[in-house]
Every structure is written in C-alpha cells, then in structure tokens.
Amino acid sequence: MRAAWVLLPALAALSAYYVYLPLPGAVSDPWKLMLLDATFRAAQQMGHLIHYLRFSHHLIVLNYLISTFDLYQLESVSSEDIKVTDAVFDGVEVRVFEPPARGDESLKRSVVYIHGGGWALASARTSLYINLCRIMADSLNAVVVSIEYRLIPKACFPEQYHDALRATKHFLQPDVLAEYSVDPSRIAISGDSAGGNLAAAVCQQLSKEEDLTVRPKLQALIYPVLQAFDFNTPSYQQNRNMPVLPRHVMINYWLYYFNGNHDLAHALLINNHTALDVGQALSFRGRLNWTSLLPPSFKKDYKPVVQTTGTAEIIQKMPALLDVRAVPLLADNETLQLQPKTYVLTCENDVLRDDGAMYAKRLENAGVDVTLDHFHNCFHGCMIFTLWPTDFSAAFQTRSSYIKWLDENL
C-alpha cells in the first residue's frame with residue numbers, strides 16, 4: 001500500500017511530463033491539443049516499435065490505430081439526408097456525397113475533395129473526413145467527391161498525384177457530371193495538408209491541358225504543404241516543435257513520399273539540398289524567396305538559412321524535390337497565371353503557414369484572385385477535429401470560414 005502511494009504520484013508526474021508542451025498563449029484549447037499530440041506521439045512510438053520488430057511498417061500500424069479509434073467516432077457522424085455511395089473513377093476509389101434534391105433545382109455545385117495525412121495516413125472513409133464532406137454537401141447543397149488515393153508505404157510519389165489527377169479528370173467528363181446532376185461551371189477542387197498539395201498540383205496540370213472542356217472554377221487549399229526547398233522559413237523555425245506537425249515529422253513525410261533515405265533528414269533540415277553550389281536548385285530560388293513573399297508579421301526577426309556548399313547528390317537521388325507535381329510552389333509564372341480563383345487557409349501555429357502564404361502571394365503577383373484566410377490561434381490539422389473527444393473550437397472556426405467562402409464564390 002505504501003509503495004502504491006509512492007508509485008501513483010510518480011506515474012502521474014511522468015504522464016504530465018510526457019503530455020506537457022510549452023505552447024503559445026493564443027493557441028486554441030491548449031490542454032486538449034497537448035493530449036491529442038501525446039496520443040499521436042504514443043501511437044507513432046508504438047508503430048516504430050512494431051516496425052523495429054519487423055512485424056509491419058510503422059505507418060500501416062499507425063493507420064490501423066487511427067482506424068480503430070475511428071470506430072468510436074463513426075457513431076457521432078450524423079447521416080442526415082445525404083446520400084453516400086462508393087464508386088471507382090478511372091481505377092481510383094472515391095466516396096460521393098449527394099444532397100437531396102431541393103425544389104426545381106436541376107444542377108448542383110460540386111467540390112472534389114482530397115484528404116490530408118502526409119500522403120500516408122487517414123482516408124476518405126474515416127469519420128473526420130466523412131463528417132467534413134457531409135457538412136459540405138449539406139451546407140453548400142453540393143455533390144462532394146472525396147478521393148481515396150493510395151497511401152505510403154504501398155505507393156510513393158508520383159502515384160498519389162496520378163490517382164488524384166485520374167479521379168478528378170474522370171469526374172470532369174460531361175457525361176459523368178450529368179450522371180450526378182452537377183453544373184460543369186461550378187466545380188471546386190480542394191484539400192487539406194497533403195491533400196492541399198495534391199489539389200494544387202492537380203489544378204496546375206488541369207490548367208495546362210488544352211483538350212479539357214470542363215475545368216475547376218475554384219481551388220481551396222487548407223494549410224497546404226507546397227514545397228520541400230526550404231525547411232527554414234520563418235514558420236518552420238517558429239513552429240519547429242509545434243503539435244501536431246513538428247518540423248522533423250514533416251521532413252520524414254517528404255522522405256516517405258519520395259521513398260528517400262532517412263539518413264538524409266538532417267541534410268534537408270539545414271537546407272543542404274538547395275545550397276548555392278547545387279546547380280539544379282538555382283533556377284528555383286527566386287520562386288521561393290520568402291524575404292519578399294511574406295509580410296513583416298510573418299517574417300519577424302527570422303533570418304534565411306542558405307548554405308554556401310551543400311550536397312548535390314540529394315537532388316540526384318530524389319529529383320522529385322524539384323518536381324512541380326510534388327512541390328507546386330515552385331511552378332513557373334506562366335502556370336500560375338492559369339490558376340482559378342483561389343482560397344488559402346493558413347494557421348499561425350503551423351510549420352506550413354508560410355507555404356500557403358507564399359503560394360497566395362505568388363498567385364496574386366500572377367494576377368489570380370486570391371483570398372488568404374489566416375488564423376492566429378489555430379494549428380495544423382485543426383479543421384477536421386470537430387468530433388468528440390477531439391473537438392476543438394479552432395475546427396469550427398476554420399470550417400465555418402472555409403465553407404462560407406465556398407458558398408459565396410462557387
């Protein structure tokens with residue numbers, strides 16, 4: 001009994017030490033965010049242990065744990081009157097959300113949605129995305145197509161991009177749009193995080209295909225990941241240890257996406273792959289000059305990290321680091337000029353804040369109508385966390401603003 005009185009406080013102290021993280025004062029629901037981050041870290045560590053024991057790849061384990069937890073949240077997702085069906089678009093699985101017919105309306109708006117998760121996690125079938133797509137379909141009276149692209153480790157770049165592109169092009173065919181009673185002039189493409197990356201890349205490609213008869217009217221990117229050129233932008237420096245996406249985790253997702261060697265993680269972190277003596281990177285440097293693309297409130301007192309000498313072999317081993325299908329922020333101005341009206345949502349407490357802000361500025365400079373919607377108290381991934389116990393005030397705040405923009409512009 002005496003031992004228990006000693007052990008219990010010790011366990012409580014250890015738990016508090018594991019959970020607690022110093023967070024900015026303005027961040028939404030800080031203790032809930034710490035608990036979410038601790039849970040995610042614990043799941044990752046369990047996955048790494050199972051990987052180490054050679055039972056399975058840790059990302060597969062992590063996805064299994066996510067889906068197991070998801071079973072408890074599926075009951076929270078309201079069915080409403082939204083019709084949900086699974087289909088296959090040019091070999092790619094999709095989930096389609098259709099609102100009921102309203103009055104004499106014949107054609108509906110539509111959103112092609114691509115989920116996030118570092119190209120490795122989550123699914124169009126998880127409760128968080130089912131809930132988001134249902135809310136979108138109901139609020140916008142729109143047909144929502146959620147793309148179930150293949151994930152790491154079973155597929156790496158460019159397969160996720162190809163899946164998203166094939167499914168989107170299939171849906172844009174006039175006969176398919178007619179099947180779902182969709183107005184071909186009122187279609188948006190959208191996605192969050194890695195899904196925002198795929199949405200931007202797909203939108204760029206569609207804008208260059210001259211034979212297409214239907215193109216997206218809008219693109220809406222939610223805290224998108226858009227570049228692997230500079231891992232020392234102000235937001236990467238400011239938020240390097242921020243839940244739920246610290247800098248080292250984002251670098252690891254890029255390495256998984258490119259099927260790269262994780263021994264290169266430190267070289268990427270210090271920008272060795274884009275040093276001044278790396279010839280392949282020189283022509284892209286002007287497209288990602290954050291000192292001119294970011295506002296003073298984002299730049300603060302941070303300094304650029306530019307190596308004089310680096311490791312050119314990294315680009316040779318992973319040429320996708322400079323492939324605009326993977327890093328849409330590096331696209332040329334001619335491509336950017338072709339992009340549709342754009343919405344970009346960014347969060348202050350997010351390593352990817354500057355990716356979105358720089359893309360918005362480059363699009364604006366190219367003559368595109370852009371809305372940059374920045375949230376000072378929010379964090380990466382927040383918009384999908386609307387279901388108990390992972391319900392955040394930031395989620396409802398960002399989701400409401402996102403859907404409002406779509407409703408007013410689509």
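In case you wondered, yes, glycine gets a Cβ from its N, Cα and C as well.
Summarising the annotation, TrEMBL assigns domain 'Alpha/beta hydrolase fold-3' to 111-269 (among others).
Taken from TrEMBL, the feature active site covers Ser193 (among others). The Cβ of Ser193 (active site) has 29 other Cβ atoms within 10 Å, all protein chains considered.
Residues annotated as domain 'Alpha/beta hydrolase fold-3' in TrEMBL: 321-383 (among others).
Within its own chain, Asp350 (active site) has Tyr223, Ser235, Asn239, Met242, Leu245, Cys378, Phe379, His380 as residues 6 or more apart in sequence whose C-beta sits under 8 angstroms from its own. Sequence annotations record features per position, and here TrEMBL assigns active site to Asp350 (among others).
According to TrEMBL, the feature active site maps to His380 (among others). Around the Cβ of His380 (active site), the number of neighbouring Cβ atoms within 10 Å comes to 26.
If you average pLDDT over the domain 'Alpha/beta hydrolase fold-3' (111-269) in this model, you get 97.
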